[in-house]
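Structure record follows, encoded as structure tokens.
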Amino acid sequence: MIRDALLLQLGYNATLVTLGATLLGMAAGVGGTFLFLRKRALVSDAISHATLPGVALAFMVMVTLGGTGRNLVGLLTGAALSAAVGLLLVSWLGTRTRLAEDAAIGSVLSVFFGFGIVLLTVIQTMSAGQQAGLEGFLLGSTAGMLRSDAMVIAVSAALTLALVMLMRRPLTLASFDPEYAVSIGQDVRRTDLAMMGLVLAVTVVGLKIVGLILIVALLIIPPVTARFWTERTDHVVMISGAVGGLSAYVGAALSAAIPAVPTGPIIVLVGFALFALSLLVAPGRGVVSALARHRTHQRRVHLRQGLLAMAQGQPIYENMTLRLLHRQGWARPDGVPTELGRGRAARALRDESRWRVIRSDPAFEAATAQDDGLTDIETVLTADQLAEVDARIPRAEVVA
Amino acid sequence: MNGAEFVPLSLVPLLTGICVAVACALPGNFLVLRRQALIGDAISHVVLPGIVVAFLIGGTVSTLPMLLGAAGAAVIAVGAIEAVRRLGRIETGAAMGVVFTTMFAGGVLLLEQSDTSSVHLDVEHALYGNLESLIWLDATGWSSLLDPQALASLPVELPRMAATLLLVAAFIALFWRPLKISTFDEGFARTIGLRTSPLGLALVIMAAIAAVAAFDAVGSIIVIAMFICPPAAARLMTNRLEHQVAWSVGFATLAAVLGYVLAGYGPLWIGMQDSVSAAGMIATVSGVILAVTALVGPHRLRGSAAPVG
């Protein structure tokens, strides 16, 4: 069943929804990157919660006009309108009053959501219309979806993705280097507005799939995940799109296969699994690689300190140092240096003297800057320079 | 409306609502000033998995294990946010977003997968609670307030919320000066020897306690609204912290009372049959209060200096 779902074998509607979810996930991943880089990730939380009154009002309007209130396009239009009002209020509170942006986000989020709940309880008491299914907008529900609805979702997700890709360049510029963007004549405020518009589109399209409570995850988790894998702008955008698409694809497929599970939470958990994996194993920024780097550094420090101690004839008590020296074949287990070890120790001491010489000479300033106590001096100076330095080492320091 | 109807049906929800609103608004003042307003949002999302796990282990909907579960989840979330922030070098907002959505998603999935249909534990309940259900069955009128037998059947949410309110208020009264100094000038607070990071953590823990205790009675949405809206509105009224806290308590109480009354009786006034969600209405009223202060509050603009005095 799960394999069928992943291979898109669960029928036309499920396939359409899964594809729509994938496209939406990609759009969210790409769009979310800009939001993340502008450090405004949580604005999207306010936008998504602000959709609820719009959905409820649209339902009530459609029922009053004599419909069943289940028209997805109508509901999503309502969602978009009230989300836009919420977004305007967040920016108004944040710029025109002295409240900080987080307070603006939190108040709009909770008040709109609370008002939406009030409207939902009103709807529950209405006799007309088919109110069942509005709760699906909270956590996403793709089970038993009408074909036309699936079509709406797939098409609007594709449109959103196209829009994001079209606006990628100005958005990238404004997110990474706003000053430069201004200097070449780009209207950054307008770009910001466009970014928010995109986020709004992703949110509204994602309502039925992910649900309004968790859509924010689809905008935040992919860029945060992508950031682990690369330092390059365009790569972050692409990887984030891929992570978003993959999470949404796997999540939507799984939810089509497992009965009675809302779609949103599964998509979020798949996304988080990708995030956790990246946090652990990504090269460079990942935890495992950071640990490995730390171990390497630790080893080098211990070996060097051990060698210097041996060169000066001091006993070594530190267990880790002893073990490392022994493993290198530079010392016996009790710390007495081997022939090889004595040679290495003399070299370490000589390099130490060389560093001391160049540190006191302003001519070597550039080279001295690389002196972190571990860098091999022979990688910093040329052979000629080394000869010159060696000639200046005081006699008494030279070890036979 | 007379006491015979009001006391059993409305008194307890009303008082509980006020206790929740004030208990959340008090620490909310400091959170808003410290730009940590969204911590309330994060906490109220993450307690869901804690409550579900507590239910799955205990098998019953009883208060203590659930409170412990919720508190445990809140602690795990704080640790996880910190870990994600440090290990991944990610800014706090995004780290919070990752952690609270994931934990909430996990909670929902656990809830849907386990058989909790027999008890009233579902996502909707977690989101907007059920303030209206706190009915005091044995009360017959105002005299029941002095009747020990009737008091014994008082819904447990009310005394629990009152105790939480006392705890939060005591914390803030006790640490008033250090909290005030470290909120406005953390650097100065440190130079005079205040330990600002344990203090900040204690504030977050207080907020978490208020959120967790309130969560069961009224759901998460009112908690988020009360953490932010009354303090934010109060902030636009005054420049002095003492006055701000007083305003926020007033606004919170007003929102709770007005919201409850509007939810219970408002629909009847406009000719509808049933009441609407009280928690949602309280949040809505707090938003209206914030909107009014944002339009006419004397200190709504940035840099509006206080008159000396």
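Every residue, even glycine, has its Cβ placed from backbone N, Cα and C.
As the structure is a computational prediction, the values presented were derived from the model and not from experiment.
Residues or ranges marked as transmembrane segment by TrEMBL: B:6-26, B:38-57, B:63-81, B:93-111, B:158-176, B:197-215, B:221-238, B:245-270, B:276-296.
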- Item | Ranked first among B:63-81, B:93-111, B:197-215 for CB pairs under 8 angstroms with the transmembrane segment (B:6-26) | B:197-215
- Query: Same chain, outside the transmembrane segment (B:245-270) by at least 6, Cβ under 8 Å from its Cβ: which residues?
  - Reply: 10, 13-14, 17-18, 20-22, 24-26, 28-29, 131-132, 172, 225-226, 229-231, 233-234, 237-238, 276-278, 280-286, 289
- Tertiary contacts of the transmembrane segment (B:63-81), defined by C-beta under 8 angstroms and 6+ residue spacing from its ends, are 42-43, 46-55, 57, 92, 95-96, 99-100, 103, 156, 160, 204, 208-209, 211-213, 215-216
- Stretch of maximal Cβ-Cβ contact with the transmembrane segment (B:221-238) [cut-off: under 8 Å; candidates B:38-57, B:93-111, B:158-176]: B:38-57
- Note on the structure: Within the same chain, the residues 6 or more beyond the ends of the transmembrane segment (B:38-57) and with Cβ under 8 Å of it are 24, 28, 31, 65-66, 68-74, 76-77, 81, 93, 96, 99-101, 103-104, 106-108, 110-111, 114, 116, 119, 121, 123, 126, 204, 207-208, 211-212, 215-216, 220-221, 223-224, 227-228
